[in-house]
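Novice: Pasting a structure below so you can have a look.
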């Protein structure tokens, strides 16, 4: 979600100045450390009278070992604090964390100045360098980009970030040539101060503040929870493989860069100024590739192609660094080094998109999810440099200074071989790196029978939308991703939400595709006349309500689980997969024509029922606008239902809809008093109040004033806690260690507190209880805990009877499962979680379709 508050100039200024400071610090620190260890004399400077090759190698080895030790402890601190940094950024905003990080970065610079001017111990500077890693700037940069860019723009933005991180190589080496000693340190302090002042002009990029501002003890509990979530992220086999390759590759790059100057200093007797040409060539190459080449490659190449190019060229560059006989040849061959980083923006984009998707499927916000991922990544990015520095120190003492670079080249080759063994359709690597939804497709392996079964019951929210990628197959058959076409080919497509535990209005919105020949294939109308029979209803009435228009109210007290309406649509739509195909080939104009033709086949009375419905998408009422406003899709079917369309929205619904025998059936979820309005939820129930209001305003042009929305922060906290539990169950459903996770997670479903949360926040919704208990049953069954599985199925059945009726497929199959009959029917297909959920288009997709 792009925040309107994002201002790019201050952010990119902070990025540039911070990295200028980082590179300058790295350039001058080694010279000062070596001089400090030799009574103020740089024994590695060939132009100096005290130049001594043996003493130089010994001093570089000692300095590298000392620096590696402090960096190792700093890395440990960074890994431990990253989850807390992400959590704090979500709770208090991004800007305060930026300012804190820049203040901490000033500390080691000031101590380096004291070392240079006041002969302070060099170990004071090394110890202070740990402070700089308490609040990692890369995490904050990623959070800002997540806040301010759409997913399909992030490859370009991360490429720009990489270029800005390297652009300082054009400026800093020149400064190193002109400045030395105390003057260079003063420049470093000035740059740090300028960065801090610029950071004060940053505007807050966080789209919304987290409602749950917790105390210190609760914040530490949340911190511990983030770390417990890391094994869940690693539980996916494909996640481990793909992310491990990325972490190893990026960690290796950071590690070799950390020893490049000491290596050249020991091998060629270079100083920071004579080393500058190599850095200049590398950074110019990287800036050229990231700004001009990577964005173009991202539009035409798959992720695997980008990663493979990066690993191949990166390996060749490492061989050049290790084996080049002269510094001049090394510098010349470094001109292709930029191509070794083309995979970095793609990998950063995948990480960011993964955080967004996982954040939507959990109670954690994007900062917390991203920080958890970067907690793993930091184990490589922060800890590998000191490890390589230690290896380099040992190898330098033994006369094999090139060994670390050869080791790094070998690791790149191994990563490349593993990458090429992946099937693109199995990992999502065939998807172009700028394609939305690529991140979730990356870590799932939908071709395995076990995961197809799990996905069929909606184990991952928005799974169908995220997995609409080449090679993905479901029980219903192939589901190819629509190709991107020009506006003339624009059509609508139903966006399914196979795992959402909510009910909401059906809206169509997407970009369609033409046939292979370039002409639109034959299609039939999405809405078909049904010849509606008279609806059956019990003790409800449609009335005009003050401030709401029409609504449905109870004419007597209604019992929990009571059927109040059974209605056949006057214009019906087919099942989910067929609806996707039809809507994929229907433009807005064609939808209007189809609806007008269908209405002509209805009686005058039914046409009046249709036109009596509202249209919130334009000043002039149109058939397409009425359909987009009122159509309902209940998984296996749906359409225009005149009475059902009168049910208004509430974030605490008291009715539940399902589809049975070609009709919509509505049951009461709790006791309803006479005269009370009957409502269902148009939005995902676990969203915070601000997100729910935004969706309702953009799609339906109203704001909700239900008790949950009036409750504010307390309601949001309860809903996020419920979402956290559901996320744990969903992740467990895809994990290899599902048995152990089931034994750990399923008993939590029986806890009183969780039941109380659903009762308190969602009026004890039996629909949500049934679905959550259904997931628990599947996990217990997978873990071969038959008694626990039967108990979970029994409780799920009792709630399904209340929500869907005793004759519903879900209730019948759950009853069989509760009795231990797991094999007489394919209960996973019969109990698909989306059968009673109504799909909802995103506000952006709908607006794009209507405007197109």
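Each residue, glycine too, has its Cβ placed from N, Cα and C.
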Novice: Quick one: which of 242-263, 330-351, 352-373 does TrEMBL have down as transmembrane segment?
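Specialist: The range carrying the transmembrane segment annotation in TrEMBL is 242-263.
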Novice: Which stretch does TrEMBL mark as transmembrane segment, out of 49-67, 68-86?
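Specialist: Feature transmembrane segment in TrEMBL: residues 68-86.
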Novice: Mind checking which residues reach the transmembrane segment (305-327)? Cβ under 8 Å, same chain, six or more beyond either end.
Specialist: 245-246, 249, 252-253, 256, 260, 263-264, 268, 270, 278, 294, 297-298, 333-334, 336-337, 339-344, 346-347, 402, 405-406, 408-409, 412-413, 415-416, 419-420, 429, 433
Novice: Reported in the order helix, strand, coil, what are the DSSP residue counts of the domain 'SET' (538-683)?
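Specialist: Result for the domain 'SET' (538-683), in helix, strand, coil order: 41 helix, 46 strand, 59 coil.
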Novice: Between 0 and 100, where does the mean pLDDT of the domain 'SET' (538-683) sit?
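Specialist: Residues in the domain 'SET' (538-683) carry a mean pLDDT of 81 in this prediction.
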